[in-house]
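According to TrEMBL, the protein carries these features:
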DOMAIN    285-656  domain 'Glycosyl hydrolase family 13 catalytic'
ACT_SITE  ASP426  active site, nucleophile
ACT_SITE  GLU481  active site, proton donor
REGION    785-828  region 'Disordered'
COMPBIAS  814-828  compositional bias 'Acidic residues'
Amino acid sequence: MYCSLGTLPRAADLGFLTKFYSKNSSMATRSNLYIAPSQLTKLSVGPGNKKVSSRLLHKPRLSSTPTRANHDSAVVTDELSPRTNIKAEMKTPKILELDPALGPYKDHFEYRMKRFSEQKLLIDQYEGSLEEFAKGYLKFGLNREDGSIVYREWAPAAEEAQLVGDFNDWDGSNHKMERNEFGVWSIKIPDLDGNSSIPHNSKVKFRFKHNNGVWVDRIPAWIKYATVDSTRFAAPYDGVYWDPPPSERYEFKYPRPPKPNAPRIYEAHVGMSDSEPRVNSYREFADNVLPRIQANNYNTVQLMAIMEHSYYGSFGYHVTNFFAVSSRSGTPEDLKYLIDKAHGLGLRVLMDVVHSHVSNNITDGLNGFDVGQPTQDSYFHTGPRGYHSLWDSRLFNYSNWEVLRFLLSNLRWWIEEFKFDGFRFDGITSMLYNHHGINVAFTGDYNEYFGESIDVDAVVYMMLANCLIDLLLPDAIVIAEDVSGMPGLGRPVDEGGVGFDFRLAMGIPDKWIDYLKNKNDDEWSMVDIATCLTNRRYNEKCIAYAESHDQSIVGDKTIAFLLMDNEMYSGMSCLTEPSPAVDRGIALHKMIHFITMALGGEGYLNFMGNEFGHPEWIDFPRSGNNWSYDKCRRQWELVDTEHLRYKFMNAFDRAMNLLDEKFSFLSSTKQIVSSTDEDDKVIVFERGDLVFVFNFHADNTYDGYKVGCDLPGKYRVALDSDAWEFGGHGRVGHDVDHFTWPEGIPGLPETNFNNRPNSFKVLSPQRTCVVYYRVEEDIMEEAKVDADDRDLDDVEKIQEATHEQSGNPKNTLEEEEEEEEEDDERLI
């Protein structure tokens, strides 16, 4: 979900992951399009430097000193929490060493680190530890304790309270609740004759009277399941007491898969994942869609719309019940089946978690507990600060003790009860800033990130959340959806960062949409494309994507639809020759997705169906479309039909994921763009030890096109978008060996070709991308190819370069012979 229409920070303000070399630079042979080199690892393009950068991947291990736990306490009063009396040992945040340009904001970093340390110390002191604090779901809501059901609810503004439901015929006169000093209401209901007084799967609600004397019924805030009568239009939801007998509880069979070197994420919405115009179930998704995801070599599934939301059309982002799975697709046990099935297939599962705002729905959601009480007695801020004008939703008060308990426990609930492997946090920009990113175009000026607009309470909550997740599941993957590009968001908490593992590279899809809608092919700028894809802080990882669910919603089009439009209905048959529009569309669809993956980040994301060029848009049932499900589904039959061209895009998606599986280029810190030729429309870069050649020209094929590379040797085709199996024209030979030639003087990059010490020549057809891998054979033999045509000095230079590129000292032929003689003498 977008937080604003702002742009990503400029490269000049954030610094690149790489140095960026352009053949058409105004600076003779190269253009260094970055500043603040202290932000960057020194990137060497000399021979043999495989390791280009390093990064700290650990998260903080913050110790906890249990002193006193009080699970029923709702707030820490002033006399219990004098922040000014808490003195935490503070060090200069390490993030200032990583990026000296942040130096002027030292006070801000130290302030928020102090706030984090104080808040955590309070939690340790009064709850035992952060991990214990996050077990709120074991105390609040309905839980079994010592042969009884105990129900607790925080509602400090209520004057009276009752628990009602099917079990007492909705008459709470005999089930009145008691309030403690912290505003927590509770009731204990003993079992009857060994049976639970509240049967499993029965309806319950919290009934309370607020200060105007009116009684209202609300779904318990911590409810673990909520359902609605589907036969009644606009029927309200009911809270459901979920406590299945052991025979009906799903037992996990498979362990969590190991954390991948780089996540290749398949973003999916379970409800709209079926071909039929209906809501799909968790079990159907597990049995029918998960195998497709595994077959396309993804290693991670990101599930949207899991938390209960009463309005289906909100895409799951207007959450009403935070601890309940969306009942449209099944029960909690059904979701467990899905996650376990994914683990059995080797797929990790992330949850799209929404802690940035709450549905404005009063009847069904958490907002129903806000009955005009002051901020300290509510989950939300009061007044304008508690309302998001663009989303029409309520905003949490992250400084409130019970809000922290509620949200942190929510994270632990999904990790421990359902075995999720991490989260994608939605709407982070809205949380980070008091202006919520509304009508703000972020330029990359550091003052935008560390001024008075920052909501430090929310930042501290996210620091606590990431700390908790690491304590519970050290191998978790946590992603921030942030459009602002705030520095430090993706650095560990103990360095002064917010603690996320990745940030979504949200500027990339906007760039592609702009190009496809507003530029002719000959207007595409290779420098601009490469700049956009590499515009990220080198020590903060990004998840790149060409399009997600945001780009597919009604009013917009998928990339495939933008490229081919109506011809997706009439021109996708393999039984006829492709039209120019279809030929161009399939070719660019493959290139756009692949260059985004290969150059745009340290992970990759694709939204369900886009891998095969799903046409049309996503439109949830609503009054404007007569409540139709026609465009709220995935047309799998398109890719499954053998004579349709959708299969080609799907096959290439599978192949590019397999390429990373084999060569691990996404996790490589070596990324060098050596050429961005505006005339040729060619981008050449290296990721790991692979060489990528993208030819975006609409007409020109280049035979014998010279490309630079780091390591010498023999190169062959690893992946070719022009191959027949990908709907191409089969122009590139896959059995051709490409031998390198040394360039310039070893050790002097300025004398090399595009700053690369070696080069080889390739065939580069128009609108294709080809990847080359280095064949591991005897380097010295390859370096001597055609030696008869060179003089001895040339051979010595080749050997010297080869030694350097192999990490060995530079030796001449005479020196090597002398060393051999010395070795022989030692042996004698």
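Cβ atoms here come from the backbone N, Cα and C positions, even for glycine.
Neighbour count (other Cβ atoms within 10 Å of the Cβ, all protein chains): 24 for ASP426 (active site, nucleophile). Calculated from their C-alpha atoms, the gap between the residue listed as 'active site, nucleophile' and GLU481 (active site, proton donor) amounts to 5 Å. When pLDDT is averaged over the domain 'Glycosyl hydrolase family 13 catalytic' (285-656), the result is 95. Cβ neighbour count for GLU481 (active site, proton donor): 23 (other Cβ atoms within 10 Å of its Cβ, all protein chains included).
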